[in-house]
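As written in TrEMBL, here are the features:
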type: DOMAIN; residues: 180-233; note: domain 'HAMP'
type: DOMAIN; residues: 287-507; note: domain 'Histidine kinase'
type: DOMAIN; residues: 522-644; note: domain 'Response regulatory'
type: DOMAIN; residues: 667-785; note: domain 'Response regulatory'
type: DOMAIN; residues: 874-965; note: domain 'HPt'
type: MOD_RES; residues: 576; note: 4-aspartylphosphate
type: MOD_RES; residues: 718; note: 4-aspartylphosphate
type: MOD_RES; residues: 913; note: phosphohistidine
type: TRANSMEM; residues: 12-33; note: transmembrane segment
type: TRANSMEM; residues: 156-178; note: transmembrane segment
């Protein structure tokens, strides 16, 4: 804080006063410290002397055990009013005699070790003094005196304050008299300065009273005034001269302004002439469109006809060069003419209904040959389900062809892909993002901002090496912008580029009806290219089919064998022709030779280039059709429809899904950062017939929904998550028209009204507290998803609906290899796999669960076993999830204690909230209660440390019960009974079936197979598989099974 003191006099006085005050305060503190120590030492010495005298007088009394004499000696202490207690102790420390001034005085201790010393307490001083003589220590004197340090300090400080105040007043008076010698001359200079400012009289001068610094200040001030007076005089003369010059300048400016008007008029006339000439040039080129294209089309047509004749190699090569040169020239002419139309304002954008799939089909047919010539992998993503669009299909196709052609031209090896993303969607509006990616040469960052300018390429060497006019991207930019969109590029030199553009379209409401003959097809995509394989699989799923994947012919044979072992089969196989190892044709031969006709799927051969060579292959009759990459949805559908028609009839129908549960057919996205909570919700919902997808935070949920806008009927959203919480995720979704009406249910471990209010404000439709009440959850899900009360669950023991679980990863994962596993989990289990599931027992539990439950104890400390098994059905599954709880939360007490020490109670909120939700879902009532109390303590305060210790004890109890449950689940027959059908299978057959179950992420069927294998394999052989399966690591379990199969194959024949 600044002191607003303007007077030098007052500042000097304050400075002297502050200096005196500091000096006096320091002296007073020093005296206080010295006198305090001296007082304490004096008091100790006095009391010690009294103790010594009293001890010498009591030697004989102690020696002759005469307590009376000792008490009389102690009674002499009454003369000192400050001594409260006295005592004499023998050499062994026993009380010999004692004295108390009154009943309020503290009593002497019953025993005391011999020794010397003194100690200050609260308001008293205690002294210990040994009693000694020539023979040694006889005892100890104990004295306790009243020592009121506070009263002494108050008196001392009062005197010190009076001395300080007097000293300050004296110093202030002397300073006030002496400071005038310094402040007086300064004040006079200040008065002169104010007078000059007020009167503007620069002839005044300040008086000089001394030769010190103040006198020098006066000299400097007077010199400044003299200089200022001189400058003012000169400035007045200069101003008079400037006014005279301005008068002449105004006349010169008026003359030059007239000259500029004449020059501007001439410039405008010439500009109009140039613009007219430019428009005439553009109109001339636009009018010459047909005249230029007609002979070029004739040249290309004649070259094509000539190429169809029988020519020798040299002639055929010449004709091919003529056609390539003609195409290049035609492309350049088209670009120039389009640019001319743009400049002439004659290029119009149409708005008519069209099918996006038709545009993609045309793009595929046009660009397939160019990609095939360079042996590039060209992929086109399936279009989103938006129905018919309203826009200019020809101009959209032109932009896509131009960008795709550029990508192919600048890519020597690798792949070119066309991706589509639905950014916004409503009943009458959609915004699509198109992206053309390649693995070509890339574009330097400093060239990317100029790449869309006319006649511009990355550098001159690009034109020399690849050719081109540099107009294509300029035309693309114009077309995209005139269709209401934006265009851009992302590129890394040497790694490739992504050219993207967004365009808004109006939508035409149109229903899509799939022919019954191609409903629920189960296809296997076999391709060594991850991108191509995944792209075709996505198209198949977009058509409503189930799609599995294999990356080689050998793996496809293994998949077919697994299906054959389980009694099911694929409806169609899409085979890449040219694969390393076993190619597509060799795979087709193996399939035709290995299976009877009625079990053989439709075989479609897919090739990126050399289609004619494929059609001339001697074994082409083995396949039902040929598809050329890039494959589009309509091409795939039409090809399989024709193949099925040629076979005659609709083929075998796949089993329809049955749903007798309360939310059958409802598609739910569960978003929770706890994998245990996700597992709980998944099991509850799938047991009731719902289709479940999973996301681990709000960002993953939003990204997945943007990519799959019509994939779910309802979202269960945890409100507290890392990366993006449920509130923010809901707000983001509500801002998108496609999700304005999507039901979103808030999930939380805390049912606070503030959380419910915040959920409603964020746009959530309902609120469900964790742990889940199954009936409440079913009612909420059905009411929001179907608009009515949930039907009662059938209690007849009918089979529940097959489980459908889509393991949703981040939005980027939709184009990675994990999508194969996602899809496998998202489809209904095949019939053969379903055969391994144990029969349903009355009440909804499996027979295995019923057997296991009967062997379980009635209760376990810390666990509500009845409620837990009502959700988890089978004790072994519940034991496995408890193991995961122990791994994730076994040290939660230590982590909470560390957070409390580092951040205080506020650091406990997030962890206790998560623990409360998980513990509630696992039926751990005491842990749930303590976690809730910790969350309350984090918000409102409380004994957090005590609650953490209580939680530590509760967790120890739960973990001990979990270990007991695991032992009983492993040793008391909770493994599912082995069906007779499995008991008759051989070990290789069982292992193949186990791989099929793991591939479909079906833990229940895998458990039955492990039970059948346990009796036939050495002890410990399946431990790794079980450990992976208990942790829901299906890929790790698959790897362990394959390793086991390999080890069994390497064993000598007949070895056990």
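Including glycine, each Cβ sits where the backbone N, Cα and C put it.
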Here the 10 Å Cβ neighbour count for the residue listed as 'phosphohistidine' comes out at 22
Helix, strand or coil: which one is residue 913 (phosphohistidine) in, per DSSP? helix
In three-state DSSP terms, residue 718 (4-aspartylphosphate) is classed as strand
For the transmembrane segment (156-178), find every same-chain residue at least 6 residues outside the stretch whose CB is under 8 Å from a CB in it, and list them. 12-13, 16-17, 20-21, 24-25, 28, 31-32, 35-36
